[in-house]
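Working notes, structure below.
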Amino acid sequence: MTKKPGGPGKNRAINMLKRGLPRVFPLVGVKRVVMSLLDGRGPVRFVLALITFFKFTALAPTKALLGRWRAVEKSVAMKHLTSFKRELGTLIDAVNKRGKKQNKRGGNESSIMWLASLAIVIACAGAMKLSNFQGKLLMTINNTDIADVIVIPTSKGENRCWVRAIDVGYMCEDTITYECPKLAVGNDPEDVDCWCDNQEVYVQYGRCTRTRHSKRSRRSVSVQTHGESSLVNKKEAWLDSTKATRYLMKTENWIIRNPGYAFLAAALGWMLGSNSGQRVVFTILLLLVAPAYSFNCLGMGNRDFIEGASGATWVDLVLEGDSCLTIMANDKPTLDVRMINIEASQLAEVRSYCYHASVTDISTVARCPTTGEAHNEKRADSSYVCKQGFTDRGWGNGCGLFGKGSIDTCAKFSCTSKAIGRTIQPENIKYEVGVFVHGTTTSENHGNYSAQVGASQAAKFTVTPNAPSITLKLGDYGEVTLDCEPRSGLNTEAFYVMTVGSKSFLVHREWFHDLSLPWTSPSSTAWRNRELLMEFEEAHATKQSVVALGSQEGGLHQALAGAIVVEYSSSVKLTSGHLKCRLKMDKLALKGTTYGMCTEKFSFAKNPADTGHGTVVIELTYSGSDGPCKIPIVSVASLNDMTPVGRLVTVNPFVATSSSNSKVLVEMEPPFGDSYIVVGRGDKQINHHWYKAGSTLGKAFSTTLKGAQRLAALGDTAWDFGSIGGVFNSIGKAVHQVFGGAFRTLFGGMSWITQGLMGALLLWMGVNARDRSIALAFLATGGVLVFLATNVHADTGCAIDITRKEMRCGSGIFVHNDVEAWVDRYKYLPETPRSLAKIVHKAHQEGVCGVRSVTRLEHQMWESVRDELNVLLKENAVDLSVVVNKPVGRYRSAPKRLSMTQEKFEMGWKAWGKSILFAPELANSTFVVDGPETKECPDERRAWNSMQIEDFGFGITSTRVWLKIREENTDECDGAIIGTAVKGHVAVHSDLSYWIESRLNDTWKLERAVFGEVKSCTWPETHTLWGDGVEESELIIPHTIAGPRSKHNRREGYKTQNQGPWDENGIVLDFDYCPGTKVTITEDCGKRGPSIRTTTDSGKLITDWCCRSCSLPPLRFRTENGCWYGMEIRPVRHDETTLVRSQVDAFNGEMIDPFSAGPSGDVSGHPGGPSQEVDGQIDDSCGFGGPTCADAWGHHLH
């Protein structure tokens, strides 16, 4: 009886518990067993046997099988594997016995075995070679030898060796040598891939393969990023992506700091666009272009025009790479002066870096524990790099004792690719300059240099530091002389030319020397720091592999992002450089001034062509034969009105030959808009309509931008900021000098009230105009005028008007007026008070107790932000207050510097509002700004000269100047507010503190100097006139208080005024008599000493003064407290106790005046004791028993 499923199994019709095995085909059963074993199921012995089978056949076991192998307990696995080992030993013995029985048989089989053995020996002889290494047998193998046992016959019998290395390739330079230890019977190999059974031998093989490169390390060398080059040049930097980001940040800052201009640009962009998309694009473009007028504009135009004044005899030119200057002066032919090439040759090799190395001939010597230290004989070879270490040794790798054994590995280093650094020497820089006359040039000769030289219309010359002057003969045009002063714009001591592969770069010297790569010097062949491009891998018992790093060329190229790319073969063409030349035109003359006018007809050989520089080139054909004759050509606004407009670039054009149909090229500059080029006279007159796009207003702005660009590019190199001299009022000069010149060029002669009224008039006309485009033009122009008239606008860069004694940084005027009072409209501000507060906190933690201001404007900045800084410090739980004290005397220097930080303090709106109304309480710790030196905060613990000008901004009442923390540690004054110029017989060094004026009267000499305050920075050499070969002892204003190292800072009869009254206020240095006094020159006068006031403590006037060899009128200092004389001028026989002396010593350290006995010397009469005379001054500084005069002060005398 059957039941439904679910009941007990025994009662079912089919009993599942007693069901028999199914009938299965035998092969299917075997397959199932094998598959279960492959899946890791089954008896352990079967699993281990299957794994052993896979090992012997070099097949990869399945993942499941390996998983089961890892899961087997150690004791169980060891038991089965030991039994396998016994079975294998039994099989080996059986084979050995079988071999002996067969040897006894003799006959034909013996002959076959002998031949087989001979073949094996011949094959081994062809593949394996035997030699000696460090007193032991060395076998050299290839990749075919590792498949079988290597048998080496020895005196002790056959030595069988097994090599299981996986890096065996074919023989090449990349070889490795190491020891195969002897393993006793029953010991398994451990941490070795080569072993023998009779005696140890060395194995050597090559590691090269035919399918892939040799093994190399995955590690790379860390190369510090080069960063953006500080050089101003016309070539793009390598992989430079920083400028775009930096410019976007600059645009953002400009919008925030100049909201009025940003609003105006947005309004103009909105009016210019006809739809929303265009308006957005125009607005973005205007906002991106606008900051270019304010700071750090680079990239010069190819051509600049300089129009000279009548009677000019010379002009100073500043030529840049690939630039051209067109010089026009009355009654002189027009000249083109072109910088053709700047080239440096004979570069001296400094150092070579290896960026791709190869490692060959690796050898390892190993020793067992207690057998001594391993020593590789290749250590004696300097081309090898060696490394010693220790490895685990024992029975499994040939040693009788377990422990640490010594190992010594050597590998040969060779450089595959290297980067070479070379230095440029100033005397090897050559400047190639061409001078071309705008004469009667035919179209065939135009651009043909050889033909123009043959016609004496061009000349080319080379300027070097050893040959800076040259006179050029220009035929009938006379001659020109050029006195040049090469200024490469490249500090050759700060840059190297580095060649990496096929590319060369101009790199910073410090970066080059800090590269972490193997290097060698030109005089040596040995590489230093070779281990940087090698990697010693983990040492095994007797073997250690050494690999080389891959090529570091890619890393070097990436690190060089921002460096300037140059072309180098045997010489290097420089793209950063300037040549300042004085072009003397006194012997230059116009040719053809006496020729008559051409009477026949002209025709245009070709249509007039635009040169791209605002000028037009006209090629004319003259049909007459009455040459040479002058060409009647003019540009007019209308054919009904023949009044000339525009100007001729080719002065006095003429036809040079009498042959008919001769062709002549003439260049002229037409006005903006519509005009007519008229050639000829009467009924033979021809004309051509010409339209020049643009406007006078736009031209003023574009030329201003070019001047700003040139000034920014010349910056640190050119002291004259452009072309000065006899053509001070030239167009090019005005462009070079002033950044905000467009507004002043057009409306500078009007008062701001007139400018505002004119703007209002234009706005009114725009509102009432019917034509939409005209209305928009009036509204835009009027809006610009009103806005500019009511704002003080400024840019980085300063211009000097010597006649008006005026210095302009943008339009923020810094005037020295007739009553000799300083009026400034500048306000210094920190980049952000939040970051400055964090910088102060960080400096205080580093032991800086305070700050010394460099100038009065910096002191005023600290005063203005003091309360805000203190609120920020308090809000961020910093127990520190900034205290600003009144400065005493001159602004002194200090040794420390504030350091930059990216962190900022935060402040809420509530605290900010409270800071406007209430000053915060004084904290327990203070950060002192200026004031007298105290024990709590001596000058040794103060910071100084930590800030520099970042940008100029705009304001209603003052020009705002933003300061940022300096990245470098320097004593130089900030060059952003320094202006230097020469005009005629006057030279000026000036900044926002000093006005130093020199005049030429037979010789150049200091005339006067006015000081807003006295500071302690040094005047930068890059902004110094005539600074070659100046001795500091001759500088009247000491260089330690920002006196320029210039020959303009000298006057005959006077030495450095290091003990002048520099701590006084309102100092004016000039050469005249103090009121009510007289000065006589006599040999009986006293020696130099500290400056003395002409009135005593009680106010009594000292009338009689003398000097030994000074020049008259005498040097005097006018201050708020009275009149002082220079150090050479002494009172005649007066009571010393009532004299008021200067207590200043402007020398560094504890130096005493080289021309006097120091502050303690006598001030009248003859000095006592041994003395010497220096330039007519009695000096007894040698009378103190110290060093000799020559030893002590020889470097001050000349």
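In case you wondered, yes, glycine gets a Cβ from its N, Cα and C as well.
Note that the coordinates shown come from a computational prediction; the quantities given were computed from them, not determined experimentally.
Per Swiss-Prot, the feature disulfide bond maps to Cys297-Cys324 (among others); the stated evidence is similarity to another entry. The Cβ neighbour count for Cys324 (disulfide bond), using a 10 Å radius over every protein chain in view, is 18.
Swiss-Prot lists Cys354-Cys415 (among others) with the feature disulfide bond, giving similarity to another entry as the kind of evidence. Look at Cys354 (disulfide bond): DSSP puts it in a strand.
Shown in sequence order, Ile362, Ser363, Thr364, Asn376, Lys378, Arg379, Tyr384, Val385, Cys386 are the residues of the chain, 6+ apart in sequence, with a C-beta less than 8 angstroms from the C-beta of Cys410 (disulfide bond). Feature annotation from Swiss-Prot assigns disulfide bond to Cys354-Cys410 (among others).
Every protein chain considered, the tally of other Cβ atoms within 10 Å of the Cβ of Cys399 (disulfide bond) stands at 22. Here Swiss-Prot flags Cys368-Cys399 (among others) as disulfide bond, drawing on similarity to another entry.
For Cys386 (disulfide bond), the count of additional Cβ atoms within 10 Å of its Cβ stands at 18 [all protein chains shown]. Taken from Swiss-Prot, the feature disulfide bond applies to Cys386-Cys415 (among others).
According to Swiss-Prot, the disulfide bond annotation covers Cys386-Cys410 (among others), on the basis of similarity to another entry.
Every protein chain considered, the tally of other Cβ atoms within 10 Å of the Cβ of Cys629 (disulfide bond) stands at 19. Among the features that Swiss-Prot reports, disulfide bond is placed at Cys598-Cys629 (among others), with the record citing similarity to another entry.
In the three-state DSSP scheme, Cys849 (disulfide bond) is classed as coil. Summarising the annotation, Swiss-Prot assigns disulfide bond to Cys849-Cys937 (among others).
Long-range Cβ proximity for Cys1017 (disulfide bond), meaning a same-chain Cβ under 8 A and a gap of 6 or more residues, is found for Val854, Ser893, Asn945, Asp971, Glu972, Cys973, Asp974, Ala1042. Residues annotated as disulfide bond in Swiss-Prot: Cys973-Cys1017 (among others).
Within 10 Å of the C-beta atom of Cys1074 (disulfide bond) sit 23 other C-beta atoms, taking all shown protein chains into account. If you look up Swiss-Prot, you'll see Cys1074-Cys1123 (among others) marked as disulfide bond.
Cβ neighbours within 10 Å of Cys1085 (disulfide bond), excluding its own Cβ and spanning all shown chains: 25. Residues or ranges marked as disulfide bond in Swiss-Prot: Cys1085-Cys1106 (among others).
A 10 Å cutoff on Cβ-Cβ distances gives Cys1110 (disulfide bond) a total of 26 other Cβ atoms nearby, all chains included. Cys1110 (disulfide bond) carries neither a helix nor a strand DSSP state and counts as coil. What Swiss-Prot records for Cys1107-Cys1110 (among others) is disulfide bond.
Summarising the environment of Asn142 (N-linked glycosylation site), the number of other Cβ atoms within 10 Å of its Cβ, over all protein chains shown, is 16. Among the features that Swiss-Prot reports, N-linked glycosylation site is placed at Asn142 (among others).
Residues or ranges marked as N-linked glycosylation site by Swiss-Prot: Asn448 (among others).
Sequence annotations record features per position, and here Swiss-Prot assigns N-linked glycosylation site to Asn924 (among others). Residues within less than 8 Å, Cβ to Cβ, of Asn924 (N-linked glycosylation site) and separated from it by at least 6 positions along the same chain comprise Asp879. Secondary structure at Asn924 (N-linked glycosylation site), as computed by DSSP, is coil.
Swiss-Prot lists Asn1001 (among others) with the feature N-linked glycosylation site, giving similarity to another entry as the kind of evidence. Around Asn1001 (N-linked glycosylation site), the same-chain residues six or more apart in sequence whose CB sits under 8 Å from its CB are His985, listed in sequence order.
Taking Cβ pairs closer than 8 Å, the region 'Hydrophobic' (37-72) reaches residues 80-81, 84 in its own chain, all 6 or more past its ends.
The average pLDDT for the region 'Interaction with host EXOC1' (2-15) in the predicted structure is 47. In this structure, of the disulfide-bonded residues Cys354, Cys1123, the smallest number of CB atoms within 10 A of the CB marks Cys1123. The closest partner of Cys598 (disulfide bond) among the disulfide-bonded residues, by CA position, is Cys1110; the full candidate set was Cys354, Cys415, Cys937, Cys1074, Cys1110. Applying an 8 A CB threshold to same-chain residues 6+ apart, the list for Cys1106 (disulfide bond) reads Val1079, Thr1080, Ile1081, Thr1082, Asp1084, Cys1085, Gly1086, Ile1129, Arg1130, Val1132.
Per-site Cβ counts within 10 Å over the disulfide-bonded residues Cys415, Cys598 peak at Cys598. The recorded positions recorded for this entry are Asn142, Cys415, Cys629, Cys849, Cys1107, and the Cα of Asn142 lies nearest to that of Cys368 (disulfide bond). Comparing C-alpha positions, Cys399 (disulfide bond) sits nearest to Cys354 among the disulfide-bonded residues Cys324, Cys354, Cys629, Cys1107, Cys1123.
Ranking the disulfide-bonded residues Cys849, Cys1107 by C-beta neighbours within 10 Å puts Cys1107 at the top.
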